[in-house]
Amino acid sequence: MTRGAWMCRQYDDGLKIWLAAPRENEKPFIDSERAQKWRLSLASLLFFTVLLSDHLWFCAEAKLTRTRDKEHHQQQQQQQQQQQQQQQQQQQQQQRQQQRQRQQQRQRQQEPSWPALLASMGESSPAAQAHRLLSASSSPTLPPSPGGGGGSKGNRGKNNRSRALFLGNSAKPVWRLETCYPQGASSGQCFTVESADAVCARNWSRGAAAGEEQSSRGSRPTPLWNLSDFYLSFCNSYTLWELFSGLSSPSTLNCSLDVVLTEGGEMTTCRQCIEAYQDYDHHAQEKYEEFESVLHKYLQSDEYSVKSCPEDCKIVYKAWLCSQYFEVTQFNCRKTIPCKQYCLEVQTRCPFILPDNDEVIYGGLSSFICTGLYETFLTNDEPECCDIRSEEQTAPRPKGTVDRRDSCPRTSLTVSSATRLCPGRLKLCVLVLILLHTVLTASAAQNSTGLGLGGLPTLEDNSTRED
């Protein structure tokens, strides 16, 4: 009993010694592991704060630059609006002055003058001739209508003045454009086709050959209209000369130059041809308005590209659309390119508009894709159009208008790069942080397992030694 009790005490003492020894040996391991974990957590926290601060600073700088660009763009728009208002006021003042001058001229013509009395009496004096020259110079430079002949001499000046905005007896005016297309009208006068009857009633010119024939005969050439002076309303880079010479059969009609230039020819054919051209022009305008509505609906921001903007996209899309409706060669161009190349310009300048469908994913595909360009080789029969890039760079600024070639909001490189790099930079930082955390945890786990396995044999050795 005594030996058994002593053995039990010895067992208890040995048990106490066996339990207490690993606790004393375990404290330094626990402290080192805790210190290592604290170091890892502090390192990861420091790394994350550095990356986050860099990200926030970069995005804040991009936001500041974006706001500056917007303010600058708004200031430019306000300045353009002020300039437009000033120009409108100047135009109104000029119109008022012209109206006053016309009224004064009418009053002077109504009042009897000595040269007019002498001319009515049959006497041709130098004063009468000078008065005729002055009255003729005050009339517009537009050529007269062939149907406007007849009547007294006093009514001819009024008819000529009325033709400044109206052709013939039509109620629809043929507005004169502010500037001609680059190297466009030969006479320097550009008009928009509005009334087919008024246009077909003109005495058309056959070109320089007719003028040489008349000069050789000794007769004075009568002022004639030129087909290259009349443009369409929407596709305003196409003249009637180009349409009649290239698109001679719109809607199964015979619209050749011989039909139009024939003196005393049928006006019905000419009117039908011009109306067919106007229908094509209206259809092109409707398609362009649909494209504008799509851009306005789906394009969230104008800053979709560094080199292009919506205005550039609309310009090339309009040129491509008109070239599809009017497959003719343009003559009045500084530089020509194949009309099919307009499609590539639209594809490169217009934005990518993805469909509103989450199930279908389009990876890097444009909403406007050119097809059929490389199936057939370009031949000499392909129509050629004006190069928009050279025309935009060298086109003169119209009078009374604001220069809109730089109207696209050009953002700085920091803004465009920040909008693309901020989300990607954040994802990269998070990925690096996760990889660093996994590597450190794996190394810590290996160290803890190595220490644990190294301590077990020492405990067994102690127990065997005590036995």
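Positions of Cβ are set from backbone N, Cα and C atoms, glycine also.
Remember, predicted model here, so these are calculated numbers, not experimental data.
What Swiss-Prot lists as compositional bias 'Basic and acidic residues' is 390-408.
The disulfide bond annotation in Swiss-Prot covers C200-C270 (among others), and the record cites experimental evidence as its basis. Following the DSSP three-state reduction, the secondary structure of C200 (disulfide bond) is helix.
Look at Swiss-Prot and you will find C235-C322 (among others) tagged as disulfide bond, backed by experimental evidence. In the three-state DSSP assignment, the secondary structure recorded for C322 (disulfide bond) is helix. The 10 Å shell around the Cβ of C322 (disulfide bond) contains 24 further Cβ atoms across the protein chains shown.
Among the features that Swiss-Prot reports, disulfide bond is placed at C255-C270 (among others).
The disulfide bond annotation in Swiss-Prot covers C313-C350 (among others). When secondary structure is read from DSSP and collapsed to three states, C313 (disulfide bond) falls in the helix class. A 10 Å cutoff on Cβ-Cβ distances gives C313 (disulfide bond) a total of 23 other Cβ atoms nearby, all chains included.
The disulfide bond feature in Swiss-Prot is assigned to C333-C386 (among others); the stated evidence is experimental evidence. Mapped onto three states, the DSSP output places C386 (disulfide bond) in strand.
Note: C385 (disulfide bond) has non-local neighbours A319, S323, T329, Q330, C333, T336, I337, P338, C339, Y342, i.e. same-chain residues 6+ apart with C-beta under 8 A of its own C-beta. Annotation comment: Swiss-Prot describes C339-C385 (among others) as disulfide bond.
Taken from Swiss-Prot, the feature disulfide bond applies to C343-C370 (among others), supported by experimental evidence. DSSP assigns C343 (disulfide bond) to a helical segment in the three-state reduction.
What Swiss-Prot lists as N-linked glycosylation site is N160 (among others), and the listing cites sequence analysis.
DSSP assigns N226 (N-linked glycosylation site) to coil, not to a helix or a strand. Annotation comment: Swiss-Prot describes N226 (among others) as N-linked glycosylation site, evidence class sequence analysis.
Look at N254 (N-linked glycosylation site): DSSP puts it in coil. The N-linked glycosylation site feature in Swiss-Prot is assigned to N254 (among others).
The N-linked glycosylation site annotation in Swiss-Prot covers N462 (among others), and the record cites sequence analysis as its basis.
According to Swiss-Prot, the feature region 'Disordered' maps to 121-161 (among others).
Taken from Swiss-Prot, the feature region 'Disordered' applies to 390-409 (among others).
Under the heading transmembrane segment, Swiss-Prot lists 40-60 (among others), citing sequence analysis as support.
What Swiss-Prot lists as transmembrane segment is 426-446 (among others).
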Position of peak Cβ density within 10 Å, selected from the glycosylation sites N226, N254: N226
Distance, C350 (disulfide bond) to N226 (N-linked glycosylation site) (CA atoms, angstrom): 37
Pairwise Cα distance for C370 (disulfide bond)/C322 (disulfide bond) [Å, integer]: 16
Which disulfide-bonded residues sit within 10 Å of C255 (disulfide bond) - Cα, from C200, C270, C313, C343, C386: C270
Spatial neighbour of C313 (disulfide bond) that is closest, considering only the disulfide-bonded residues C270, C322, C343, C386 and their CA atoms: C343
List of residues, in chain order, with Cβ under 8 A from that of C235 (disulfide bond) and at least 6 apart: D281, A284, K318, C322, Y325, F326
Between C270 (disulfide bond) and C350 (disulfide bond), the C-alpha gap once rounded to whole angstrom: 38
